[in-house]
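Here's the structure, in structure tokens; my notes come after.
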Protein chains: 4
Amino acid sequence: MFILVNLKAYPCDPIEVATAARDVAEASGARIAVSPQAADLARVAETGAETWAQHVSPNEHGSHTGSTLAEAAADNGAEGTLVNHSEKRLKLADIDGSVRAAERAGLETIVCGNNPAQIGAAAALGPDAVAVEPPALIGGDVSVATADPGIVEDAVAAAEAVDDDVDLFCGAGVSTGEDVAAAGDLGAAGVLLASGVAKADDPEAVLEDLVSGL
Amino acid sequence: MFILVNLKAYPCDPIEVATAARDVAEASGARIAVSPQAADLARVAETGAETWAQHVSPNEHGSHTGSTLAEAAADNGAEGTLVNHSEKRLKLADIDGSVRAAERAGLETIVCGNNPAQIGAAAALGPDAVAVEPPALIGGDVSVATADPGIVEDAVAAAEAVDDDVDLFCGAGVSTGEDVAAAGDLGAAGVLLASGVAKADDPEAVLEDLVSGL
Amino acid sequence: MFILVNLKAYPCDPIEVATAARDVAEASGARIAVSPQAADLARVAETGAETWAQHVSPNEHGSHTGSTLAEAAADNGAEGTLVNHSEKRLKLADIDGSVRAAERAGLETIVCGNNPAQIGAAAALGPDAVAVEPPALIGGDVSVATADPGIVEDAVAAAEAVDDDVDLFCGAGVSTGEDVAAAGDLGAAGVLLASGVAKADDPEAVLEDLVSGL
Amino acid sequence: MFILVNLKAYPCDPIEVATAARDVAEASGARIAVSPQAADLARVAETGAETWAQHVSPNEHGSHTGSTLAEAAADNGAEGTLVNHSEKRLKLADIDGSVRAAERAGLETIVCGNNPAQIGAAAALGPDAVAVEPPALIGGDVSVATADPGIVEDAVAAAEAVDDDVDLFCGAGVSTGEDVAAAGDLGAAGVLLASGVAKADDPEAVLEDLVSGL
């Protein structure tokens, strides 16, 4: 199981979370990555934590202002990128472009969608993984461990129907080690978390709990 | 073969083209539809020609200003709608929403994409048809009848790999009856045209040529 | 005072509201217009009511799919258009383009903004009028007649500081004749309404109340 | 005169250009800043060159993925930001939001527009400066020193008519020291450059020429 912590634009200290992620990953052997704002990529990567971008532009080098090229993310230490997060919805052609750009720059990709149809579409674009963010689980009060298992299983099935090489991540409803284990049991290869870690008083303790059942 | 004429925002008389489409469809038995701007839907539908919207909103009834609901298109005579045309690229979640909205309003759907990966993604969203607009054919100087047949065949294969019930339209490179026949031979169920008909001095003559080989 | 009723994408009968607007305008001498979805413009204009578009494209005639040109709105009976409504926010360059397009097609323009700074910016683009939609008044529970008068007065001042020929409309907080009068007293040349009329059981009665104090 | 070099998404070495900018600024006393992609801000700022963002989000801290907050830009060394560059056009409300966000984070702001009307609108939003990017000068073949002086003078007048405290930058048509001087003579407080410096074989030599007439 791969645990990816999206720092969004939270008022957290990205270095503190990244340091905790690095330490828990090293101690547990679990794969944990941190995804900060583009401007923080270099400083986060310097901690030694696995670092992911939250988004990369579909563009190639050229006259583009205000974008983050996949190459710029990689040059500053990113090893992968989210694409089409529910807070950064992209045009279909741009999801395609961003996945191609990430491949070109050597970044892994996780493309998000919020129902099985969109997950199937995302899988058709050939990313490394897709992440389902079911509206029923967004917001954090419902746990994937107790929710209707069909929500995740249907997304796994939709992805596999299109491309059985693509991994599925559970993008919502995960806040404890029990949830991580439940997501894995439903067929997920990883989970996306955000405020549960990024806004925690003690991110390291939360991460230790998350990997406890692996 | 279904021939869909996109009037875009051309300075043509939509009623003249619609009347020609109706007459040629009746005389030939071919299926021909005309897709005007939203504001012209009602007047075009009144001609008796099959009428399609160029786009419908992913929204349901509610507080949305400046959109065209699928219901409003249907109420004004539309029988189908294009979605995600290359000049009206949508977010993946909105393509999904527009296809669902069209279904709800009883409209047929053709979702556009410009390469096999995007066509596979479009097919995963469950529209009635997908249309490939290969960049190599956009602009009109290269004909589908003489271009690399792989351009269309790969799109047909990408759509079928995801959903073998979805039809494929050829969205570029068609201007003559020979092109329509060639597209059909490559596996297309229909073609999209635009300026070749809409900006013609004699739209009826062009349409007669287009259906001549069916 | 000009009363503009935005029908948004409400599940109302646009013809019923337009007929009521026409009748109350004729009986009272007040200026009342109805702004339906683009697809409904022609049918609404046929009632004889003054008809406005909710949005027009910044584009000129050409290869644009899924847009509503100012010319198409005018051809179908529109006499004016809203621009940059809070539910259809546009890029600055596109507000400029839409105002220019509307001028070209002979449409009046009201550009919306939601604070004095944006109202000043909107006025700098040379529309016929600007409409302030103060967040404090959106939603309908607070009336312009009882709210802080500064909300409207500051917008009037911001518009006049840039261009003292531009009219200011009050775009929220109006649901009764008393509110219309209060908006006028604060310097507004008109008001925008939506659900209060469009979703009323008896739109004609609501409109009669709105014009009662003029 | 302030010289701001936009590195866009060019395949240049941002550190090399920043080092040249720092050295020429120190040697000449001229104010020169470099504006890299968000991911490169920290490394560019470490050179000691004045560093600007190409764009900042209108958002505050919170659940926003894939954006660059003004605070994140400032934390990584930015001292100012471009807003609404012609390659990153924003909605009017978002220009307002980005200028407010930049103020909050202590960043200077230059808001771009491409004609006098848009420059007036930009000035109404209260940035530190506005930059006119006249379409006639974009592309680089026409120099501001030889073009119709009215292009810049009209923009200066439009900005001053709205707010006589706002500075005007010339955002196109500048590639030599003569152009910098000409822009200053027309009333500009600074200039924006891009490929002329960023893609030069010897950025330092180009910068030395640019400041030679100051």
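Heads up, the Cβ atoms here are built off N, Cα and C, so glycines get one too.
In TrEMBL this protein carries:
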type: ACT_SITE; residues: D:HIS85; note: active site, electrophile
type: ACT_SITE; residues: D:GLU133; note: active site, proton acceptor
type: BINDING; residues: D:ASN6, D:LEU7, D:LYS8, D:ILE138, D:GLY173, D:ALA194, D:SER195; note: substrate binding site
type: REGION; residues: D:56-81; note: region 'Disordered'
Within 10 Å of D:HIS85 (active site, electrophile) (Cα-Cα), which of the recorded positions D:LEU7, D:GLU133, D:ILE138, D:GLY173, D:ALA194, D:SER195?
D:GLU133
Which one of the binding-site residues (D:ASN6, D:SER195) has its C-beta surrounded by the most other C-beta atoms within 10 angstroms?
D:ASN6
From D:ASN6, D:LEU7, D:LYS8, D:ALA194, D:SER195: binding-site residues whose CA lies within 10 A of D:GLU133 (active site, proton acceptor):
none
Find the longest CA to CA distance in the recorded substrate-binding set D:ASN6, D:LEU7, D:LYS8, D:ILE138, D:GLY173, D:ALA194, D:SER195; express it in Å as a whole number.
17
Is any of the recorded positions D:HIS85, D:ILE138, D:ALA194 near chain A, in the sense of a CB under 8 A from one of its CBs, and if so which?
D:HIS85, D:ALA194
In the region 'Disordered' (D:56-81), how many residues does DSSP put in helix, strand and coil?
6 helix, 3 strand, 17 coil
Which secondary structure state does DSSP assign to D:ASN6 (substrate binding site), in the simple three-class scheme?
strand
Tell me, if you would, which residue among D:LEU7, D:ILE138, D:ALA194 (binding-site residues) has the fewest other CB atoms within 10 Å in the structure shown?
D:ILE138
